[in-house]
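Engineer: As listed in Swiss-Prot for this protein:
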{"type": "REGION", "residues": "1-401", "note": "region 'Carboxyphosphate synthetic domain'"}
{"type": "BINDING", "residues": "R129, R169, G175, G176, R208, I210, E215, G241, I242, H243, Q284, E298", "note": "ATP 1 binding site"}
{"type": "BINDING", "residues": "Q284, E298", "note": "Mg(2+) 1 binding site"}
{"type": "BINDING", "residues": "Q284, E298", "note": "Mn(2+) 1 binding site"}
{"type": "BINDING", "residues": "E298, N300", "note": "Mg(2+) 2 binding site"}
{"type": "BINDING", "residues": "E298, N300", "note": "Mn(2+) 2 binding site"}
{"type": "REGION", "residues": "402-546", "note": "region 'Oligomerization domain'"}
{"type": "BINDING", "residues": "R707, S746, I748, E752, G777, V778, H779, S780, Q820, E832", "note": "ATP 2 binding site"}
{"type": "BINDING", "residues": "Q820, E832", "note": "Mg(2+) 3 binding site"}
{"type": "BINDING", "residues": "Q820, E832", "note": "Mn(2+) 3 binding site"}
{"type": "BINDING", "residues": "E832, N834", "note": "Mg(2+) 4 binding site"}
{"type": "BINDING", "residues": "E832, N834", "note": "Mn(2+) 4 binding site"}
{"type": "DOMAIN", "residues": "930-1058", "note": "domain 'MGS-like'"}
Amino acid sequence: MPKRKDIQKIMVIGSGPIIIGQAAEFDYAGTQACLALKEEGYKVILVNSNPATIMTDKEIADKVYIEPLTLEFVNRIIRKERPDAILPTLGGQTGLNMAMALSKAGILDDLEIELLGTKLSAIDQAEDRDLFKQLMQELDQPIPESTIVKTVDEAVTFARDIGYPVIVRPAFTLGGTGGGICSSEEELCEITENGLKLSPVTQCLIERSIAGFKEIEYEVMRDSADNALVVCNMENFDPVGIHTGDSIVFAPTQTLSDIENQMLRDASLKIIRALKIEGGCNVQLALDPYSFKYYVIEVNPRVSRSSALASKATGYPIAKLAAKIAVGLTLDEMINPITGTTYAMFEPALDYVVAKIPRFPFDKFEHGERQLGTQMKATGEVMAIGRNLEESLLKACRSLEIGVCHNEMTSLSNISDEELVTKVIKAQDDRLFYLSEAIRRGYSIEELESLTKIDLFFLDKLLHIVEIEQELQMHVDHLESLKKAKRYGFSDQKIAEIWQKDESDIRAMRHSHSLYPVYKMVDTCAAEFDAKTPYFYSTYELENESVQSNKESILVLGSGPIRIGQGVEFDYATVHSVKAIQKAGYEAIIMNSNPETVSTDFSVSDKLYFEPLTFEDVMNVIDLEQPKGVIVQFGGQTAINLAQSLSDAGVTILGTQVEDLDRAEDRDLFEKALKELGIPQPQGQTATNEEEALEAAKKIGFPVLVRPSYVLGGRAMEIVENKEDLREYIRTAVKASPEHPILVDSYIFGKECEVDAISDGKSVLIPGIMEHIERAGVHSGDSMAVYPPQQLSKQIQETIAEYTKRLAIGLNCIGMMNVQFVIKNEQVYVIEVNPRASRTVPFLSKVTGIPMAQIATKLILGQTLKDLGYEDGLYPQSQLVHIKAPVFSFTKLAQVDSLLGPEMKSTGEVMGSDTSLEKALYKAFEANNSHLSEFGQIVFTIADDSKAEALSLARRFKAIGYQIMATQGTAAYFAEQGLSACLVGKIGDAANDIPTLVRHGHVQAIVNTVGIKRTADKDGQMIRSSAIEQGVPLFTALDTAKAMLTVLESRCFNIEAI
């Protein structure tokens, strides 16, 4: 069927900020969809609140709105733009929920706007637990016994009838938010109460647990002519009971017989046809390992995380084709862009194995609840491709960047058998490593299967890896053993460990015997047809399919999996860098391991290598491609950490040189550089042991900020007030050593701001200064940032610009640089310099209109700012006010304290822009879901050192109609100063303590601060987690509360008696 002519203007709804459960895969999907619709001649309007995305670049759609994804704002944009249709299926759960809200509010009917892709009835049938159950019964598809409940009592009655364990699934939530497996009535009551609150329709499904079944997923496509096909089937390593986003996944399925595969395939196609979905859809099924019995678990009537994985695993561009299907094109008339000859109706065939392993944030959150269940906890994922399962699994392990080069954690060799068995049974994020350790200790795979319900096939593969390790131990320097290990994915580093040699020795041995990897193409058709895609993975076989180009090439290193501190912002910079390389006439090669991102879309670069970002894997690509040089500036700390070893191997690092990168990262060299440049910094010293650290702190004076050197996202950073705390920090948080010194700095409690600069070595362009709303002590990634600055004098801005210029030129910076400053008593100090692209690049690029990563790349390739038409110094400021606000995923991470501090905790960001600070702040708070009612009750529980400041805030809250409540000490202080506050009870005082008041809806906001010492006070943590669980706005920094107050005051009318 030809594309529709009756619609011209289509609105695409984005997925908003990155949170756990909804990450970069939607930037990838949305970007593909917008470009596909433009390609077909439609006018595309995009709405999204996340500035860190490629999708929100001006050239992706005809009009781009970076506005809050709330009914209020989306309605305004719709009324202004009057689109003919809306495509909501590429914006994740956010997009679907927005479509439902627009429909319920009558806006779609009122303006005669059509929904494309998935009809409302299908969204309802797939998402509303009752309707889904009815549909499955009509289709004769088995689902676990279940009931829909709207109260806790209904849940208890049902569970008593069918027996425990049961699973709770709240309706219309994302990534299993609020759900869980319950083994007792007590757990059921707690989880259901929470789930009902988090479900927008106050509805939960309670179902019989089928934990232990195999979990299988089918990614299916259908068009308006009812053509349907399976793009990819995937099998979870972990059985049902662990959210698929937290499971290790293999594609294609590994343990299904033909009969089982056909049975589940038929079920999936039957479901997508019944739902009449036009586009992509994901079906999750549970299969009994011992019979042909299966159950349908759920259906996502949209592009999802699994579709991004399926797209990258097969090369089949699901989102692009889904967008075209939505406007009437059919699968049998669209060409598959990979082969350029076959049609999209052709089901992909794979002659390789793909492994996906999730990346969890527990290296940042040591106290987080690590046990996995039906609620997702991973922030990102890695994917690896190999010719056998062992190879793809080991490549994925070393892609994770968690300090392992194999499926082995050396620290586990010391744990007791008892602890090992517990960890194998109770699945945590690192269960794979415990299983492998158990096999190394001689546990049989049959024993492990009965404990974990993981299929024997997978456990046998882990056993095979251990057998190869043993073979290597017995045959040191043996060429055949080396070849076998390489064929099954072993890294040079692991083989070197076993043979007690250096990694370079193994590399030399391989080269002397011409043992190199070859690169195979991902072609969707198992090499049956010629493919045109330059998309490759390495393996140790005979035939190489990747040929070095005759054009000069540049290799750009990506940033690996998304984790806290290194998010989609770095992928944004990578993609822009590639565009600039191509414009300059070079061939652009990307190397990355993250399946969710735009950079790993094969159409972005001239060549894509889907490989781990390790020295060995990068060198193998360099040996084959012989690029002119490598760019490491845009891949976050991942790429920067590879610079030294690549340079030592004779590779040309383009842009800022390795010794200059080192001067910015190495404490003593940096201090020396600042002294020479005449730039003040907080007093500080490096310490390699406890004694030195105590000596340094004594000299500098408490409080001090302590942290390890060479980290990203403020990992293991703390503010300490006395000797005891410093000793405690050194013993528990870091292992200080001469190789890994710790930094001890004077802690300056002042205003923070940061600058991104672009330098060609002679002149320096400063696109803008961002002022942080929260004072020093809160990580820059967790602060709200304002551009242009609202409270910095002209003189301070000039000083900042001057220091930035001196630094860029003094450190021989070519390309990007980020500098952070703290200002106290009109004195400007430099806190740190990062000689690379930072997480503020997308935001600043959007608000200034300067394509920063592209300009930086042009300078790296030899042009000057003058050539590009840019002046030296601070760029003219925008007339609008722009706010970048952090977004957190605390609802997904039990036992992670939401208190803000020097260690980064946010997973994403939103942006608010308007003509005044108050309006921009209002938009930023709305966009990150911190909606505060205009009156109500607010609780203050404040540390002694900030009570005076909190008092003035409390008075202002009272003036606009809030009732002030406070804990004992705070209430007493307020009373002394003449402000009466309602006293709340101590924790445990059942009727009147804060968690109880919050649970019963009596509290609209909480302001809770702790002293500099920031001790893990149990009461404070209970208060904070109750606010997070119940969705009550929580302010742990007074500056944020003050910003919110500014918004409320601006929306208030003055009401006075005459």
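Glycine residues also receive a Cβ, built from the backbone N, Cα and C atoms like all the rest.
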Engineer: Determine the C-alpha span of the ATP 2 site listed in the record, that is the greatest distance between any two of R707, S746, I748, E752, G777, V778, H779, S780, Q820, E832, in Å to the nearest whole number.
Structural biologist: 18
Engineer: Pop the mean pLDDT for the region 'Carboxyphosphate synthetic domain' (1-401) in here, whole number is fine.
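Structural biologist: It averages 93.
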Engineer: If you run through the domain 'MGS-like' (930-1058) with DSSP, how many residues end up as helix, strand and coil?
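Structural biologist: Tallying H, G and I as helix, E and B as strand, the rest coil: 57 helix, 21 strand, 51 coil.
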Engineer: Reduced to three states, what secondary structure does DSSP give I242 (ATP 1 binding site)?
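Structural biologist: It is coil.
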Engineer: Please report the Cα separation of N834 (Mg(2+) 4 binding site) and R707 (ATP 2 binding site) in Å, rounded to an integer.
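Structural biologist: So the Cα of R707 (ATP 2 binding site) lies 16 Å away from that of N834 (Mg(2+) 4 binding site).
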Engineer: Could you give the Cα-Cα distance between E215 (ATP 1 binding site) and G777 (ATP 2 binding site), in whole Å?
Structural biologist: 44
Engineer: Rounded to an integer, what is the Cα-Cα distance in Å between G777 (ATP 2 binding site) and E298 (Mg(2+) 1 binding site)?
Structural biologist: 44
Engineer: Return one of helix, strand or coil for I748 (ATP 2 binding site), based on DSSP.
Structural biologist: coil
Engineer: Rank aside, I only need the closest one: which of the binding-site residues E298, N300, R707, H779 has its C-alpha nearest to that of Q284 (ATP 1 binding site)?
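Structural biologist: Answer for the nearest of the binding-site residues: E298.
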Engineer: For E832 (Mg(2+) 3 binding site), list the number of other Cβ atoms lying within 10 Å of its Cβ atom.
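Structural biologist: Cβ-Cβ neighbours of E832 (Mg(2+) 3 binding site) within 10 Å number 17.
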Engineer: Reported as an integer number of Å, what is the Cα distance between E298 (Mg(2+) 1 binding site) and R208 (ATP 1 binding site)?
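Structural biologist: Rounded to a whole number, the Cα-Cα distance is 14 Å.
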Engineer: Sorry to bug you, but what's the C-alpha spacing from E832 (Mg(2+) 3 binding site) to Q820 (ATP 2 binding site), rounded to the closest Å?
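Structural biologist: For Q820 (ATP 2 binding site) versus E832 (Mg(2+) 3 binding site), the Cα atoms are 5 Å apart.
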Engineer: Could you state the CA-to-CA distance between N300 (Mg(2+) 2 binding site) and H779 (ATP 2 binding site) to the nearest Å?
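Structural biologist: Checking the Cα atoms of N300 (Mg(2+) 2 binding site) and H779 (ATP 2 binding site) gives a distance of 36 Å.
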Engineer: Considering only the binding-site residues R707, I748, H779, E832, which residue has the minimal Cα-Cα separation from R129 (ATP 1 binding site)?
Structural biologist: H779
Engineer: Among the binding-site residues R208, I242, E832, report those whose Cα falls within 10 Å of that of I748 (ATP 2 binding site); none is a fine answer.
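Structural biologist: Matched binding-site residues: none.
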